[in-house]
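The structure appears below as structure tokens.
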Amino acid sequence: MKRKILFILALYTVNIFVFAQYSSGALFPVGTTGVSVKLETTPSLVTLTLAGPSNSYLGLGAGDVGMATGADGFIYNSASTTDYTFNGVGNTPSADAIQDWTIISNTVSGSTRTIVATRSLTGSAGDTTIPNAAGNLDVFVARGNETMNLSYHGGANRDYATLPMSLDPTLATGEVKADPTKYIMYPNPATETVHFKNIDLIKSIDLYETTGRKVKTLKWKEGYIDTSDLKPGNYYLEITLKDGTITYEKLIKQ
């Protein structure tokens, strides 16, 4: 019995390290920008939470060199793209050819917008790899000057921060933390399939072109829908939940 208990404890310890997940803690206010940020990592994913004024674009960059040429960034703005590469101070960032970030939550409470987005730790070419490990991560943030369009943010609306990533035992289970009352759609952009976490909450999914023409009602099995027959482009999903709520998601087919 003693050996069995020791084996179970050892196995539990191994699992904690194999599935270790790290967090920067609560939302971290960055200077006086009005923007707060939080990062969480798993062995395969990074989850970004970014909060700030609902009437402004919200941006996060990797590193401590600001908008230097080649720096990697996430910007929630009026465009459909969120994955960007900076082109130097004073120049408009360029949207990456491959959009790795998937927004899983976009909520507004009062005058504050909170964005939750995920991507793989490595992203694509040109993206900054985020380690699933303890340590400090240097970032910089900026927000629009009461505009959602990419434009000069103003000196008071940007600042730098160092996020202390540490082991979060409450997340060390090998599973991505998810709200059981909400569905999560991924990946987006998509090629062959789009998966849904908590798909049992969904009653129906209708696919529309950007012109407003309904293409079809999508069928799903085993938690995903087949998008292999769609032509590359932008679409909208009208998702009706079993509680009667209707939500809309933009789908990018590659």
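Each Cβ is built from the backbone N, Cα and C atoms, and glycine gets one as well.
What TrEMBL says about this protein:
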- 185-252: domain 'Secretion system C-terminal sorting' (DOMAIN)
Next on the checklist: Could you give me three numbers for the domain 'Secretion system C-terminal sorting' (185-252), the DSSP helix, strand and coil residue counts?
Outcome noted: 3 helix, 42 strand, 23 coil
Checklist entry - Which whole-number mean pLDDT does the model give the domain 'Secretion system C-terminal sorting' (185-252)? => result 85
